[in-house]
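What Swiss-Prot annotates here:
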{"type": "CARBOHYD", "residues": "Asn35", "note": "N-linked glycosylation site"}
{"type": "BINDING", "residues": "Cys52, Lys110, Lys136, Lys148", "note": "3-hydroxy-L-kynurenine binding site"}
{"type": "DISULFID", "residues": "Cys90-Cys187", "note": "disulfide bond"}
{"type": "CARBOHYD", "residues": "Asn114", "note": "N-linked glycosylation site"}
{"type": "CARBOHYD", "residues": "Ser214", "note": "O-linked glycosylation site"}
{"type": "DISULFID", "residues": "Cys230-Cys280", "note": "disulfide bond"}
{"type": "DOMAIN", "residues": "230-280", "note": "domain 'BPTI/Kunitz inhibitor 1'"}
{"type": "DISULFID", "residues": "Cys239-Cys263", "note": "disulfide bond"}
{"type": "SITE", "residues": "Leu240, Gly241", "note": "site 'Inhibitory (P1) (chymotrypsin, elastase)'"}
{"type": "DISULFID", "residues": "Cys255-Cys276", "note": "disulfide bond"}
{"type": "DISULFID", "residues": "Cys286-Cys336", "note": "disulfide bond"}
{"type": "DOMAIN", "residues": "286-336", "note": "domain 'BPTI/Kunitz inhibitor 2'"}
{"type": "DISULFID", "residues": "Cys295-Cys319", "note": "disulfide bond"}
{"type": "SITE", "residues": "Arg296, Ala297", "note": "site 'Inhibitory (P1) (trypsin)'"}
{"type": "DISULFID", "residues": "Cys311-Cys332", "note": "disulfide bond"}
Amino acid sequence: MLGLGTLFLLLAACPASRADPVPALPDIQVQENFNESRIYGKWFNLAVGSTCPWLSRIKNKMSMSTLVLREGATGAEISTTSTRWRRGVCEEVSGTYEKTDMDGKFLYHKSKWNVTLESYVVHTNYDEYAIFLTKKFSRHHGPTITAKLYGREPQLRDSLLQEFREVALSVGIPENSIVFMEDRGECVPGDLEQKSTSLLRARRAVLPQENEGSGTGPLVTDVLKKEDSCQLSYSEGPCLGMIEKYYYNGASMACETFHYGGCLGNGNNFNSEKECLQTCRTVAACSLPIVQGPCRAYVELWAFDAAQGKCVQFSYGGCKGNGNKFYSEKECKEYCGVPGDGYEELTRS
């Protein structure tokens, strides 16, 4: 889907056209008797439309993705996790919506870019579909409005697709700016699309789960090894995009997010936390504490427990962890020097 990261890129980069000015944004009515708890759970993003002319430049690259909504860290927030294919790599982006005094209306504000998004749930039956409208206000770019269609399943009946089209048209979105997403299937963060072999250049391959280890296999280089960039500070670059990427923070020994402008920058720039960790993490990560993090994605991963001297499974919340986080037991053992599976049997008293 267009999750927070991609939606932010779309809206922040969208200028108001002088030749065809965007009209004042309409008042939006939310779903009557909106029930917040019923909107939680997993959704598939099936369609998008926008008054932003920039959409036409990327619509052929967009594909169906997923969004998971959960209770936030506080009662005033909703936690969002979107998973999508981007440039041949599956990436996961977490974010937070702020609740307002209007049920069904949420805010996302980025002070650095002086941009506020207002999202409204305008139509939903909770068990089948939901239509969101999002307003963007910027003193630099003017107002835009974006419509998104979600389904509990990857397919919806035709009448709901038509309802979405009518909603989008009713708020001024042009017919040629309504896009129904290609279904490329769900993805696991860090995985590569089969056809994206060109992405293997100048980066360490993210190995399949069954063969996953420390990533110490051959690295294809193209002027500069990715590892050589791990100690650099992140660089947003001079362009004005809002692409959420990961960089390795040597001080915290963790991969953290930053917004990449879309051009130049440096090699400490990764599409996923998994790719970042497998390229930059060192054995020093094995001495770090096991950190679940404040988010609530609850992904089952592996970490090295120094007190027990072995790799253990734990539930990772999805954000603000550290480098002591591995995507398979084998990878953990290879990094942290744990003996093979037969070791305990041989040494047991």
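Cβ coordinates are placed from backbone N, Cα and C, and glycine is handled just like the others.
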Provide the three-state DSSP residue tally for the domain 'BPTI/Kunitz inhibitor 2' (286-336): helix first, then strand, then coil.
10 helix, 15 strand, 26 coil
I want to check the contact list for Cys255 (disulfide bond): same chain, sequence separation of six or more, C-beta distance under 8 angstroms. What comes out?
Tyr246, Tyr247, Tyr248, Asn249, Phe270, Glu273, Cys276, Leu277, Cys280, Gly323
Lys136 (3-hydroxy-L-kynurenine binding site) - helix vs strand vs coil (DSSP):
strand
Measuring Cα to Cα, how many Å separate Asn35 (N-linked glycosylation site) from Lys148 (3-hydroxy-L-kynurenine binding site)?
19
DSSP composition of the domain 'BPTI/Kunitz inhibitor 1' (230-280), residue counts helix/strand/coil, works out to 8 helix, 15 strand, 28 coil
Local confidence of the domain 'BPTI/Kunitz inhibitor 2' (286-336) - pLDDT mean:
88
Here the recorded positions are Cys187, Cys239, Leu240, and the Cα closest to that of Lys136 (3-hydroxy-L-kynurenine binding site) is found at Leu240
Within 10 Å of each Cβ, count the other Cβ atoms and name the one among the recorded positions Cys187, Cys239, Leu240 with the highest count.
Cys187
Please name the residue among the recorded positions Cys90, Cys280, Ala297, Cys336 whose C-beta has the most neighbouring C-beta atoms within 10 angstroms.
Cys280
DSSP-derived class (H/G/I helix, E/B strand, else coil) of Lys148 (3-hydroxy-L-kynurenine binding site):
strand
Rounded distance in angstrom between the Cα atoms of Cys319 (disulfide bond) and Cys52 (3-hydroxy-L-kynurenine binding site):
30
Please report how many Å separate the Cα atom of Cys336 (disulfide bond) from that of Cys311 (disulfide bond), as a whole number.
8
